[in-house]
Amino acid sequence: MKQQGVTIWLTGLSGAGKTTITHALEQKLREAGYALEVLDGDIVRTNLTKGLGFSKEDRDTNIRRIGFVANLLTRNGVIVLVSAISPYRDIRDEVRGTIGNFVEVFVNAPLNVCEERDVKGLYKKARAGEIKSFTGIDDPYEPPLNPEIECRTDLETLEESVTKIWQKLEELGYLAKPVAI
């Protein structure tokens, strides 16, 4: 059976758990034999979108470029895991429309929880005024209105979040369901 491509787009505040969920889901998908690629927002910024700042226009350009690569992979039968803050609803919706096979995962944790998890000290720097236009502090995050999946990482375990995503992908027909014998 030929694998169907899909982009699984994890969005949420810095520290919400996007990368953690992405790595766990990646491992489970690889173990099951699926072809996939991961596009992590931090890694993409240092390679594909180097030189872009954090204005709305630059952030939109960043997300469009990630979406462009995700679309190329998706239409060639690859499962693409995108882990990116992608704070603006309009650009996420634009990318969804371009890709088609698109599953939005809202990785949701309250701001105070994200700040507690902040090992890099980014929130502290943003609150001190050392980082400008930091999402959730002095730049908005627009939560998805109708994501296919919401993972409440302050209330559920990593395993519960991954299982929730896996089950939705099966339900939508992107993953083959095991055959009962």
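Any Cβ shown, glycine's included, is placed from N, Cα and C.
Straight from Swiss-Prot, the features:
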ACT_SITE  Ser86  active site, phosphoserine intermediate
BINDING   Gly12, Leu13, Ser14, Gly15, Ala16, Gly17, Lys18, Thr19  ATP binding site
Mind telling me which of the binding-site residues Gly12, Gly15 has the densest Cβ neighbourhood, counting other Cβ atoms within 10 Å?
Gly12
For the recorded ATP site, enumerate neighbouring residues of the same chain (Cβ within 8 Å of the Cβ centroid of Gly12, Leu13, Ser14, Gly15, Ala16, Gly17, Lys18, Thr19, site residues themselves excluded), in sequence order.
Ile85, Val107, Ala109, Cys114, Thr153
If you count other CB atoms within 10 A of each CB, which of Ser14, Thr19, Ser86 wins among these recorded positions?
Ser86
Would you mind reading off the Cα separation of Ser14 (ATP binding site) from Ser86 (active site, phosphoserine intermediate), to the nearest angstrom?
10
Between Thr19 (ATP binding site) and Ser86 (active site, phosphoserine intermediate), how far is it from one CA atom to the other, in Å?
13
Ala16 (ATP binding site), number of other Cβ atoms within 10 Å:
27
Residue, out of the binding-site residues Leu13, Gly17, Lys18, whose Cβ gathers the largest set of other Cβ atoms within 10 Å:
Lys18
According to DSSP, does Leu13 (ATP binding site) fall in a helix, a strand, or coil?
coil
Hey, of Gly15, Gly17, Lys18, which of those binding-site residues are within 10 Å of Ser86 (active site, phosphoserine intermediate), Cα to Cα?
none
Secondary-structure category, per DSSP, in which Thr19 (ATP binding site) falls:
helix
